[in-house]
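Per Swiss-Prot, L-tryptophan binding site is recorded for ILE83, LEU84, GLU92, TYR193, ARG246, and the stated evidence type is similarity to another entry. Look at Swiss-Prot and you will find ARG103, LYS189, TYR191, ARG259, LYS261, TYR263, GLN345, TYR347 tagged as substrate binding site.
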Amino acid sequence: MGSIEIPNCSGSLVYKTISDFIEFPNHEQKLWWHSTAPMFAEMLRVAGYDLHSQYKILGIFLNHVIPFLGVYPTRINNRWLSILTRYGTPFELSLNCSQSLVRYTYEPINSATGTPKDPFNTHSIWDALDRLMPLQKGIDLEFFKHLKQDLTVDDQDSAYLLENNLVGGQIRTQNKLALDLKGGNFVLKTYIYPALKSLATGKSIKTLVFDSVYRLCRQNPSLEAPLRALEEYVDSKGPNSTASPRLLSCDLIDPSKSRVKIYILELNVTLEAMEDLWTMGGRLNDASTLAGLEMLRELWGLIKLPSGMRDYPEPFLQLGTIPDEQLPLMANYTLHHNQAMPEPQVYFTTFGLNDGRVADGLVTFFERRGWSHMAQTYKDSLRAYYPHADQETLNYLHAYISFSYRKGTPYLSVYLQSFETGDWPISNFGIPVAKPLRSNISDPDR
């Protein structure tokens, strides 16, 4: 009997073709490419992106995003730790399974990140935006500029935090970018974390976020009604609630079309808590919300999140560590123009759960929805991303699963570990070169 061939994303034709012709400017960028591009290329192929789009997307990633990922992470080097993953790595792929759309998120890092010039990585995002804006029509920074000014630290704030030693083990990430890939084009989004601004000003994250968005409503009054409804729900939980605002995001497009999303972290990991997030404590009770609630309950039964109180863990996990933890729940609320109520999206925090069982639950959900291609390819894709891993024991591939329901249609996305994929474990890429080319990216402080 012949052996069963294991799918392997390092065999991707697009990845191999591009790799044959690249001259990397430094060793760090070479490592980032060979660590992440095999999985990226395979995900695009299986999702049905045409060949031209695959090359364009990976070309943009190679030339305009990888230069902003910083030094390549190892267990011993000094690097900027990003909130994006529990391992502090600044890049993550995700897949909208209902629409077969790929997205990636990254925290831009440059040579000043973590140095006295930019100790909390406030400024590097501007350089990253300068690289992306010429590549895609329609990018608009009006909302971003407003929210960033209100919710991230300036140089004076940074000096105050450092002089008074206020940060400690606090998360230092303040902003990230995400590209939703539609054909060969992309829609740009930003995520903003106000935790450091809260430390610097003494104001709560809730106060900072809602005050900033209310000021945004002065020029965009069509967003005020859903914002007020969300604030009333958050306030109704009281000062000792296990749920609290954590971050927000917005689309970097025409302000009249941009959506603002406010994210709530819920420490109480139970189906009842998730149902409360979904219905905003019963405030959302229309037919669409209730239909989505039934699917949410179905997903809960399939994924089997263990119930309990979960603080967000500190510190970051060391690379290579097998997680023995579970994260809190999360939800976001989209503020749509001219809608009275926000639209919920909930997150099943699956990091630390057995990935095989999570995949089994997802495939069952896909089959019940009639997403036959996704159901047939999903497990093979996971094996292709990490062909040398023990697929029976993995518990760190699925970081989150998000779920929303709009106009009779469920939307589900998976957020996946995207680091050292394909043949990386048996390659020479991770072996330090004897005399590496000097990187133009310095090792930032932690």
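Backbone N, Cα and C atoms are what each Cβ position is placed from, and that goes for glycine too.
Projection of Swiss-Prot feature records onto the structure.
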| residue | record | Cβ contacts under 8 Å, 6 or more apart |
| --- | --- | --- |
| ILE83 | L-tryptophan binding site | GLU107, ILE171, ARG172, THR173, TYR193 |
| GLU92 | L-tryptophan binding site | LEU84, THR85, TYR104, THR105, TYR106, ALA399, TYR415, LEU416, GLN417, SER418 |
| LYS189 | substrate binding site | LEU177, ALA178, LEU179, ASP180, SER249, CYS250, ASP251, LEU252 |
| TYR191 | substrate binding site | THR105, ASN175, LYS176, LEU177, ALA178, LEU247, LEU248, SER249 |
| ARG246 | L-tryptophan binding site | TYR193, ILE205, TYR263, ILE264, LEU265, MET330 |
| LYS261 | substrate binding site | LEU248, SER249, CYS250, ASN332, TYR333, THR334, LEU335, GLN345 |
| TYR347 | substrate binding site | LEU329, MET330, ALA331, ASN332, TYR400, ILE401, SER402, PHE403 |
- Query: Within 10 angstroms of the C-beta of GLN345 (substrate binding site), what count of other C-beta atoms is obtained when all protein chains are considered?
  - Reply: 22
- Tell me the Cβ neighbour count for LEU84 (L-tryptophan binding site), meaning other Cβ atoms within 10 Å of its Cβ, over all protein chains shown. 21
- Message: Helix, strand or coil for GLN345 (substrate binding site)? Use DSSP.
- Response: strand
- Task: Work through the binding-site residues one by one (ARG103, ARG259) and point out the residue whose CB has the fewest other CB atoms within 10 angstroms.
- Result: ARG259
- Message: Cβ atoms within 10 Å, counted per site: which of TYR193, TYR263 has the most, among these binding-site residues?
- Response: TYR193
